[in-house]
C-alpha cells in the first residue's frame, strides 16, 4: 500500500488525491477529515448533491456500479488512493486497479471482495480463520432454505446474502414463517441474485462493534492494529438508530472481541478502519460481520474520542500515528425523515436540539427526503451512558424534517 512521504497542495500538480467511490454521509465526514490533512478529495456517486459531494474538492456523478465508468474516472482523476464507500462497488475493477498499481485500494481489493456479501466473509472467517460464529447455511431456492432451516433447527435467522445494514432479516420461529422470510430477504437484497443465508439463532445478551484501526506503528515502522472502545448499538427493522460508547463488557469478553477483530482485520490486510460486528452472550463472543470501511455506529465517536473514526481512517490510510483515546462517554441518535417529501426540505427544531446539554447536531444535506431515511445524527456526551443516550434521543426528537416553508418575500 502506498505510503506518502509528503503531502502536497490540493488542486495543484503536487496534490495527494483520494477518490471516494460513493458519497454517503460517512464519506462526507471522511472527506472533511482528509481535507484537514491537506488531501485533495474527489467524490463520486450516482446522483448529484450526495452528502460528500457537498464538501469534496471535486464532485463526480456516474454509475458507481459501472466498471467502465469507474475506469474512466480513475484515468481522469489519477488518484493515489481509491476508497470504496459502499459494499456494491464491482470487485473486479478494484482488483484491477490494485494489481496494476494504478492506485492503492483501501484497505485492500481482497477485503472489499470478501465483504461484498455475507457468504464471502462468513465462509472466510469460518473456514480460513476459525472464528467463533453461529452455524450457518446458504440457499438459492425456497426448498433449499427449508432444508437448511431444518438442519440448523428453529428458531433461526434468515438474511439476504447482500443487503444494506440489517435490511431483510427475519427471525423464523417455525416452518410456517419461512415463506415470509424468503420473500423479505429477496425484497431487500442489494442484487438480483436469489440467495440467502440462514443461521442459528443465538439468544445473545447484546451486540457490539469493535473499530479496529490498522496503520503504521511509528515505533516499529510496521503495520499494527489499534482498537477503539467497544460501541453498543440498537437497530429498528434492520437500521441503526442509536449507538453508545463505551459499551460495558466483561474483561474476558472484551479480550476475546479484540482478538477476533485483530484476526479478521489482519487477515484482510491494508490500512484503515474495520468495523467488526459481534454478538456477546456472557463471556462468549461470536463473529457476525465486518465492514472494511467506516461504520455507521461509529458516528458516536464524533463526540466521544479525541479523534473520530473519520479522523482515524484518514490517518490510517496515510500511514500516520493512531490515537484511539476515549475522552467521554457518549451516544448518538439518528435523525430520520418519517415520511417521503417531494421537493426541497428543511430542518426545524435545530435551536431546541442544540440547547440540550453537551449535544451537537450533524445534518447530512441529502437532497431528497424518503420515508425512514437517515438525514442526520445527534451526538451527546455525559458522565454516563444512560444520560448520554437520553440527551441524544431528546435532541434528535426535536428535529423535524419537512417540506421547505418559504418566508414571505423569500427565495
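Cβ from N, Cα, C; glycine included.
Some features that Swiss-Prot has for this protein:
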| type | residues | note |
| --- | --- | --- |
| BINDING | 25, 26, 296, 366, 373, 374 | N(1)-(5-phospho-beta-D-ribosyl)glycinamide binding site |
| BINDING | 118, 159, 164, 165, 166, 167, 168, 169, 199, 200, 201, 202, 207 | ATP binding site |
| DOMAIN | 123-318 | domain 'ATP-grasp' |
| BINDING | 277, 289 | Mg(2+) binding site |
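Note: the Cα of residue 207 (ATP binding site) and the Cα of residue 277 (Mg(2+) binding site) are spaced 7 Å from each other.
A distance of 31 Å separates the Cα atom of residue 25 (N(1)-(5-phospho-beta-D-ribosyl)glycinamide binding site) from that of residue 199 (ATP binding site).
Using the Cβ center of 25, 26, 296, 366, 373, 374 for N(1)-(5-phospho-beta-D-ribosyl)glycinamide, the list of other same-chain residues with Cβ within 8 Å runs, in sequence order, 24, 51, 364, 375, 377. Here the candidates are the binding-site residues 118, 168, 277, and by Cα distance the one nearest residue 366 (N(1)-(5-phospho-beta-D-ribosyl)glycinamide binding site) turns out to be 168. DSSP gives residue 277 (Mg(2+) binding site) a strand state. Taking a C-beta cut-off of under 8 angstroms and a sequence separation of 6 or more, residue 118 (ATP binding site) has the following same-chain neighbours: 159, 160, 161, 162, 197, 289. Here the candidates are the binding-site residues 168, 201, 277. The one whose C-alpha lies nearest to that of residue 373 (N(1)-(5-phospho-beta-D-ribosyl)glycinamide binding site) is 168. Across the structure, residue 168 (ATP binding site) and residue 374 (N(1)-(5-phospho-beta-D-ribosyl)glycinamide binding site) are spaced 17 Å apart at their Cα atoms. Classification of residue 366 (N(1)-(5-phospho-beta-D-ribosyl)glycinamide binding site) by DSSP places it in coil, neither helical nor stranded.
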